[in-house]
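Asks: Features from Swiss-Prot:
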BINDING   HIS552, HIS556, CYS653, HIS657  Zn(2+) binding site
Amino acid sequence: MDIRKEFLDFFASKGHEIIASAPLVPDDASLLFTNAGMVPFKNIFTGAVPRPTPPIRTSCQTCIRAGGKHNDLDNVGYTARHHTFFEMLGNFSFGEYFKENAIAYAWEFITEILKLDKDKLYVTVHEKDDEAFEIWAKHIAKERIYRFGDHDNFWAMGDTGPCGPCSEIFYDQGEEYFHGKEDYMGGDGDRFLEIWNLVFMQFERDKAGNLSPLPKPSIDTGMGLERVTAIKEGVFSNYDSSIFMPLIHAVEKLCGKPYKYESGASYRVIADHIRSITFLIAQGVNFDKEGRGYVLRRILRRALRHGYLLGLKEPFMYKLVDNVCELMGHHYSYLLEKKETIKEIIKLEEERFLSTISAGLELFKAQLANTKDVFSGEIAFKLYDTYGFPLDLTADMLREIGKKVDEKKFDELMNEQKARAKASWKGSGDKIKEKGDFKALLEKFGENKFIGYETMKSQSKILAILNNDFRNVDELKAGNIGWIMLDETPFYAQSGGQIYDTGLINGSNKVTDTQKFFGLNLSEVETSTNLKVGDIVKCEVDEARIETARHHSATHLLHLALREILGSGVGQAGSSVDSERLRFDFTYPKSLTSEQLLKIENNVNSQISKGGASKTEIMDINEAIKSGAIAMFSEKYGDKVRVLTLGESKEFCGGTHVRNLWEIGSFYIVKESGVSAGVRRIEAVCSKAAINYAKNFRSEFSEVQNALKSNEALSAIKKLKDEIKSLKNEISKASAAKVIDLDEKNGIKFVVSEFDGDIKTKIDELKNENDKIVAVFFKVEDGRVQIAAGVKNAPLKAGEIVKQIAKILGGGGGGRDDFATAGGKDMTKIDEAVNFARDLIKAKI
């Protein structure tokens, strides 16, 4: 049985509109990830936005609980039901139906569609909710209805705001299997398993804690797909269900060891974590040093450590992406489109961590030998800072053997060195929204209309004026700054990567910014004359908008070119367009070659030269997705979306664009670079900006020729390079004569250092002078890092040393046991590589 489909179809038959799963990265600054089915509807429940039509919805929402307030990461693998990634089935009513229907629907679905045994079902209600009790009594015997207090059966969105009693449905897994002290209704045992929570949002709580009835009570329900699947299949752990067992079997094949539930925590960790990793990367989250990207990194590194316990010491997680796509690609088709890109990104990150995990574990074991109960915070920090071990990974390893880490000392070192800035998810923008009069304006006027697609000039009425504190005022005096709400505005509010419009009101009042607050398009104005609410004013958008539109359209063509040349797995990770340039971030695991960049540039210019009118359509979101239009996961869309077609490009977009591709003129790539692991960036110019760029380039090239005193720049540069090479050789000879300081441990001398001279000659010299030695040298030359290692009568292999070091530096290499060389291109990580090599040698000798 496809429970996901059965659930959605059931509620669709009851008049609910099926809503696609919202992005895992929510449009909510207070949340790290979407962690519940109601998150996409939060602003509807709070009244911040009008209720939709129809006001009843159903969804299967993908959720992440790792990091932030809701963090299940530490428990995953060790319990039957904790997950970092899960799917939440839900039905929602925004002031339409209430308890009677919600309870009836839930009972019908569970007993008639899922056909769960009625004799194994129990429900709970709030101790004061007589209404819910009486409704349930129509469906189930009263002795199966339990009353509990606020702790168990009252739900609140926060300290203030919408809240209400809830009712939970439980399934009895059997006294014959569960008979512990906590295995009773209301206990913490596993016998009675909660499967569905029905929240009756009927009150508003104020700051004093007082409850007042909501004018239109709402319904929010949630049922975990993994949990109900396990019950339906008659297994006691979610991990024993058809959702996880194919992944666990895949891990068995990789490690060659059979899975046993009692000792299978590592299998379960890997099976859970690969789902989170796959979905997050598919939706544009990438490995990073902070924020969501760092949570993603923690999840992968935790899985790799558990893989290490199973004997998996080479990259393996990326191979499991195929299994996730096979299991879930039929419902989430974007997984199939991005599968190969996801695999490459994961593999690259695996290689980074696996290059240091061995030495990190050696350091961990060495410190463990000196640990009684509490593991050193200093060593935990070193594991984190040098070897990439997240603190919770170290804590996880210690928990398995009954020890703890000194987190206080770890935090102290973090603060001292400021190695990682904690991501803050509540910005100043949210404070503005909290104190502003936006909600009142929305209730009074609704969303004001943007007419800038058709015109850059208008006569509009001032509906409202806000001062700098975003409070309503009747008038803005000359010489002041404030925000104006027009009934119809030609000014584009910054969104979707496109910069805001500027312009003039009544010829002399400068529009300096335009932003959107709760659906309201507001323009910031520096006044030279008085402006009053009710005034009819002339509005004019700056000409810069025309160039911005050209760059925005070029961005769409670039996206199409990238997908055609690099593969359909390429996804947009961000963009920024203005009148002077465009910037496009996209998921791709490696830097682009000059040949690829030329192909991309030619592709875009070819699309421009073909011309063709742009086309926009307002479509139902599900219809738009089916039509092949591309959407961005990080954007939040309504029920209706604007779909833009430019030649072969078709995307969701609310921005302004050219009417015909010819208007773009020409397109030129200025720069390609890396943003973070698995994310690349292209910066480009078009139209007038491209012409200006060409002029500046010609001028700079002329200056180069003048500086070289030659019209043949290439030959002059070659001559200079030869002279530099000759000078470097002289420096190298001088460096080779320098005395090298050696360290010693257990009778073996060793050195790890940067060296300007001939590193092979120096290693040979040291090996001739010493009976037992390990030498590793780094040399920067021509934008790359050269690595050489020499070993004589020591328990290390030079080939293995350079191989691991090169991974840190983004390169590769190898060689004999006594001598080996390698290269790398990431010069920013030389210090990390030096420290790693030094620790590796110390651990081995």
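Cβ coordinates come from backbone N, Cα and C, glycine included.
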Asks: With Cβ-Cβ distance below 8 Å and at least 6 positions apart along the chain, what are the contacts of HIS556 (Zn(2+) binding site)? List them in sequence order.
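Replies: Those within reach of HIS556 (Zn(2+) binding site), by Cβ under 8 Å and sequence separation of 6 or more, are LEU644, LEU646, SER649, GLU651, CYS653, HIS657.
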Asks: When you average the Cβ positions of HIS552, HIS556, CYS653, HIS657 for the Zn(2+) site, which other residues in that chain have a Cβ within 8 Å of that mean position?
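Replies: Going along the sequence, the neighbours come out as ALA549, SER553, THR555, LEU644, LEU646, GLU651, GLY655, THR656.
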Asks: At 10 angstroms around each C-beta, which of the binding-site residues HIS552, HIS657 has the fewest other C-beta atoms nearby?
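Replies: HIS657, out of the binding-site residues HIS552, HIS657, has the fewest neighbouring Cβ atoms within 10 Å.
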Asks: So for CYS653 (Zn(2+) binding site), how many other CB atoms are inside 10 Å of its CB?
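Replies: For CYS653 (Zn(2+) binding site), the 10 Å Cβ neighbour count is 27.
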